[in-house]
Amino acid sequence: AFGASPGNAARALPAAVDIQPACLGLYCGRTVLSVNGSVETYGDCGVCPRGQRTDDNKICRECLGSPDRYDWLYLGFMAMLPLVLHWFFIEWYSGKKSSSALLQHLTALLECSMAALVTLLLSDPVGSLHIRSCPVKKLSDWYTMLYNPSPDYITTVHCTHEAVYPLYTIVFIYYAFCLVLMMLLRPLLVKKIACGLGRSDRFKSIYAALYFFPILTVLQAVGGGLLYYAFPYIILVLSLVTLAVYMSASEVEFFKDLLVRKKRLVVLFSHWLLHAYGIISISKLDKLEQDLPLLALVPAPALFYLMTAKYTEPSRILSEGGNGH
């Protein structure tokens, strides 16, 4: 050992390593301050900037991916919610004598389409219909504010950031544009064409939107992550329930009832589209040869209702019960 040469002693010494304290918390990370070749310099442990999330080594990395098919289906569902509510309240308050319902439906479709287009164009990269995003790995990615660490149980390190960028905030931006476009376009249209309604009734569909937009915003803020995983099943259940309620309320019993009233046929096809959207969202169409045949089940609930409605009519059940006594 005493005879070792200085060169061997130098080679035996370990290289100097900049040891940093562990970055606590599930979503806390270190930002990259500079890059010199293959050497990166990191900052202190804290919140990642917008558009970045932590990797497995607790380093904030820029989101360079793109939404997958399921992510786009989720965004489509959140975009459909205000449009469906617009159509519902327009139909609810338009009345049977009003001829303006169709134009209001088309205006609502134009408003939501323009809002979606503007939102995509303003998202990063700006001016493109493509958006860059971070992948959703688990439910907690939507609620990073619940995972701020407290190393000494006194001081809290705030590391809240959008780990699912931009799936969380892009919905709020879309709702804001929907509201602004509605306030710019709809009052002028309703004032000119809603001649079949009274002064107090013609703006009720707009007033309803002023209520449901804040509700949708709170729903996204609180339950965005839950909706992300549950929206296909929500679509299926709501499409089935609303179709059954509509058919029973409209007293649709036979196929000829649908052919006589074109409006009922449009409502039926709308429910079928929603039902197909839910099936596609669940299956994700990963295997086309297995998933596409599932779309043949879309008309099944309506056909089952039409074939069995005459056997469940309350008046018939009461009359048969009376005859039995």
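Yeah, the Cβs are placed from backbone N, Cα and C, and that goes for glycine too.
Lifted from TrEMBL, the feature list:
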- 72-90: transmembrane segment (TRANSMEM)
- 102-122: transmembrane segment (TRANSMEM)
- 165-185: transmembrane segment (TRANSMEM)
- 206-227: transmembrane segment (TRANSMEM)
- 233-252: transmembrane segment (TRANSMEM)
- 264-280: transmembrane segment (TRANSMEM)
- 292-309: transmembrane segment (TRANSMEM)
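A contact between the transmembrane segment (165-185) and the transmembrane segment (72-90) is present, since 3 or more of their C-beta pairs, 6 or more residues apart, lie under 8 Å. In summary, the transmembrane segment (292-309) does not lie against the transmembrane segment (206-227): fewer than three C-beta pairs, each 6 or more positions apart in sequence, are under 8 Å.
Relative to the transmembrane segment (102-122), the listed stretch 72-90 leads the set 72-90, 206-227, 233-252, 264-280 in CB pairs under 8 A.
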